[in-house]
Structures are given as C-alpha cells and as structure tokens.
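*Asks:* Structure in structure tokens, see below.
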Amino acid sequence: MLRIFNTLNNKKEKFTPIKSNIVNMYVCGITPYDFCHLGHGRTFIFFDIVVRFLRKSGYQVNYIRNITNIDDKIIQKSKEYNLPVDIITNNFIKEMRKDFSLLNMLIPTQEPLVTDHMESIFKMIQSLLATNYAYHSKNGDIFFSVNKDSNYGKLSNQVLKKLKKTKISINKNSKKHVEDFVLWKKSKQNEPYWISPWGKGRPGWHIECSAINDFYFGNTIDIHGGGIDLLFPHHENENAQSTCYNQSSMYSKYWMHSGMVFLKQQKMSKSGKNCVYLRDILKKNNPESIRLFFLSTHYKKPIYYDKNSSLRVSFFSLSKLYVALQQQNIFCFTNDKFKQIKIYGLSYKKKFFHAMNDDFNTPKALSILFELSKKIQMYKKKKSYCYSNYLSYILKKLGNVLGILFQNTSDFFSTNSVIKNEKYKRFIKTLIKKRNYFRILKKWKKADFIKEKLLKLNIRVEDSEKKTTWKYINTFNNDSI
C-alpha cells in the first residue's frame, strides 16, 4: 500500500487515486530562459521515479509537465541578446530535452507550451471575473482577489492576515490586497502580446498551470508536484484560482514537493548565480551517478552538493552495483535449491517495494539494492553462479524502477574504467590527507570517521611509522590496487 506525504494536509496519507487504476499527474516544468541546473535535475528525476514506480505498480499514469515559454525572465533575455522570444525558448527547450534524455527521464505523456493554451487561459479568467473572484485594476491588469477565497493560505499553511502584516503597502492604482496576484498583464511596449477579450496583453504565471490542468484533466487531479520553492506563492495561488473556478474544495488530491539542492550552503538558483548546469556535469560524469546522488537523500529533504566529492562517491557506489550485475555464461537447471533462491529474490523485491511504498523512500530502497549486491558477490565467491545470475537479474529489474542499471556491464566498465579512474584516486588521496591532518591534531574521532567512510568505499587504510597507504579492497576477486 503506497503512502505519500501530502503537503495539503501536512502528513503521510494512503494513496487512493480518483479513478481506481488511473493516475493523472501534473508537474510544473521549466521556464526556458537558461540551461537547466542540478536543482531542476533533482525535481524532475524524482517525479520521473514517481511515474516509473506507479506504472510498475500497475497504474496507468498520465504525466503532464508544462513549459512556461512566456515570462518576464524570457523577455529580459530576449532584450539582452536582441533575439525573438521564440528563438530563445526553442533553444533552451532543445537543450533541456538533451539533458533530460541523457539522465534517462521518461518523456511526459504531454509537454504543453503555455502559448498553445491561450484560449483556455481566456476562458478561466472570464469565469473568475464573472463570479467576482477577479477584478480589473486601474492600470489595465486583471487580478485575483485572495480575500474572496476563504481557504487561501491552507496549502502553504499560512494565514492571510499574518501574510498581510509582513508585506509592504500596495499601489492604489493596481491591486486591492497585497497578496492579490495578476491573472492578465496589460501589454507593454516592445513586449510579446496576445489579443484577449480585454485587449492586448499576456497571462500571469499562476493562471497558466491552472488552465493547462483544466484542459487536460478537468476539475481535480490526483498528484500535483514541483519543487518546494514553488509552494508559495505559485502553488498556493494556483490552488486558489482553480478551486474558485471549479467551485470545488479540491484541485489536487495530493500535493508533493521535492527539497532544494544547496551549493556552498546556499540554495541553488539561477537568480542567485549559484548553480551548476546539468550540461556541464553530464560532460564529466556518468548520468546514472547523478541519479544515484539524488536517490541517496529522501526527496523531501535538502541535499548538499560538493563538486569535489558528491558525484565521485555516487559513481563508485554505482560501480559496485554494476560489478554485481556481471554474470557468468552458464546454463542453470531448475531444482529445489533454485526454487529457494527465487523465494529469496522475491523477499528482496518485497523489501524494495515496501521502502518505495513508504513515501518513495529511495535511500532505503538503495540500501536494499546494495544489500542484494553483497549477496550476489557471496554466491559468486562460492561459484554458485546460477544463484548469483538470478539475483543479478532481480537487481537490474529493481534498479530500473529507479531509472538506473540500464547500461550493459561491459559498456559501463569500458567507458568508465572504475578502478583506474584518476579523478577517483585523487579524491581518495584528499580524504587521506584530511585524516592525517586530524591525526596530527589528535582529533581521533574525526580521523576515524574518515577511515570508516573510506572503508564503506572499499578502501582500506594502513598506517605505518613513515606513511599512510591505501588499498582498494576488491570484494569481487582477489585483486587489489
């Protein structure tokens, strides 16, 4: 039984879709004014795993991920480069798809552009005006009136009165309440516009997702997802206008939010010029090691990226799984002992699915894969290759649910040269230097912590009077370096 943390009610809940075997899922996509960074990677890799797991669990998943191809940032970029908006957006959409393909993300059921859904946007704004949830401002914009929605603030667990106290005064010529948000912006000189029932202009950010959802799914969807940075104001506003438009108490049954990626203790963001582009790290790293890095932390928690160690550690962990996948070319007869190993394999499947059913607990699911890989190596050492081969098959299938272990093992090792990787060796030497520094200072706990960390990476440290040496403990044969 799948249980997920529902932001709407701030607790884990049993997942029961509106229709028994169909899941309608919407995730806020990118604004294509720049290349995608690691923060985007985390969000969309997580929801890619959600789709994979739900489909593996027997659901038909309709996955919509929009593209916000009209926005203030896009217009600003267009002016900076003196290029049409569509040239800017088409280029970055193309680059996004390259990155996401390399990261083995599934293609969404639909990936709609905002600019293809203007009629749906007009329809929703007209209805909100007619029911007095929206109003015309003196400067020609159209705003949503948050005071008309008694549930405003519920999703993000905020109270409207408190919100008002924390905000600056408002412009009397524009909105009535500080939290009122724009649905339609009156056209400005030298900016893209569309002809609407209210004249030339373009949509506000929040209305776009609501209109696209209404076009594809109607009143209520099963899962709405995005990064936690979108919870307020974007998702709060989206939820407000959609429930008011549909005269319904529920827009999305479940809301899911992924945590932020931090670089140098600061949230990764383009606006803060604090980001690492996916395209740059994909040039130097195995794509599956990037997925593994994200999987190692629960999706709701923040994750801290260290350019010197994060992906090296995940790459080496990935290599251990691929070593376990290497099979012996041997024909196996069916016998009672083989039936036992099938039962054993089934127990790992159950543990894996139990972890994933607990709010997509990928760190726990990964630990089960590594536990299974150790068991495979044990059977290899005993030369029980029928058993190790079968469990390798199970390992691969479970890894595929997480979007990893899709590579052929020979291809993986030929392209990555795991043991002889010079960057990895430099990483090990750096850790040993840190350990030696702590030993000199007699900070034994910190030194032992690094030693234990190295041991987890199959690195044995040996101290002598003159120097410290290290060896790679190859648990898969008798060789070491």
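Each residue, glycine too, has its Cβ placed from N, Cα and C.
Taken from TrEMBL, the feature Zn(2+) binding site applies to Cys28, Cys209, His234, Glu238. Look at TrEMBL and you will find Lys270 tagged as ATP binding site. Look at TrEMBL and you will find 351-413 tagged as domain 'Cysteinyl-tRNA synthetase class Ia DALR'. Marked as motif ''HIGH' region' by TrEMBL: 30-40. Taken from TrEMBL, the feature motif ''KMSKS' region' covers 267-271.
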*Asks:* Looking at Cβ-Cβ distances, which residues of the chain lie under 8 angstroms from His234 (Zn(2+) binding site) while being 6 or more apart from it?
*Replies:* Cys28, Trp205, His206, Cys209, Gly226
*Asks:* Same chain only, please: residues at least 6 beyond the ends of the motif ''HIGH' region' (30-40) with a C-beta under 8 Å from a C-beta of the stretch. Say none if there are none.
*Replies:* 67-69, 71, 73-74, 76-77, 88-93, 95-96, 99-100, 227, 260-261, 263, 267-270, 275-279, 281, 305
*Asks:* Round to a whole number and give the Cα-to-Cα distance in Å for the pair Lys270 (ATP binding site) and Glu238 (Zn(2+) binding site).
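*Replies:* Glu238 (Zn(2+) binding site) has its Cα 23 Å from the Cα of Lys270 (ATP binding site).
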*Asks:* Please list residues from the chain of Glu238 (Zn(2+) binding site) whose Cβ is under 8 angstroms from its Cβ, counting only those at least six apart in sequence.
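*Replies:* Result: His206, Cys209, Ser210, Tyr251.
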*Asks:* Where does the residue listed as 'ATP binding site' sit in DSSP terms: helix, strand, or coil?
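*Replies:* The residue in question, the residue listed as 'ATP binding site', is coil (DSSP, three-state).
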*Asks:* For the recorded Zn(2+) site formed by Cys28, Cys209, His234, Glu238, which further same-chain residues have Cβ atoms within 8 Å of the site's Cβ center?
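*Replies:* Same chain, not in Cys28, Cys209, His234, Glu238, Cβ within 8 Å: Trp205, His206, Glu208, Ser210, His224, Gly226, Leu230, His235, Asn237.
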*Asks:* Have a look around Cys28 (Zn(2+) binding site) and count the other CB atoms within 10 A of its CB, chains all included.
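*Replies:* There are 24 of them.
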*Asks:* Can you tell me the mean pLDDT for the motif ''KMSKS' region' (267-271)?
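*Replies:* Over the motif ''KMSKS' region' (267-271), the predicted model scores a mean pLDDT of 79.
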*Asks:* DSSP on the motif ''HIGH' region' (30-40): how many residues come out helix, how many strand, how many coil?
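*Replies:* Tallying H, G and I as helix, E and B as strand, the rest coil: 3 helix, 1 strand, 7 coil.
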*Asks:* Count the residues of the domain 'Cysteinyl-tRNA synthetase class Ia DALR' (351-413) that DSSP assigns to helix (H, G, I), to strand (E, B) and to coil, and report the three numbers in that order.
*Replies:* 49 helix, 1 strand, 13 coil
*Asks:* Quick one: give me the count of other CB atoms within 10 A of the CB of Cys209 (Zn(2+) binding site).
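*Replies:* Counting Cβ neighbours of Cys209 (Zn(2+) binding site) within 10 Å gives 26.
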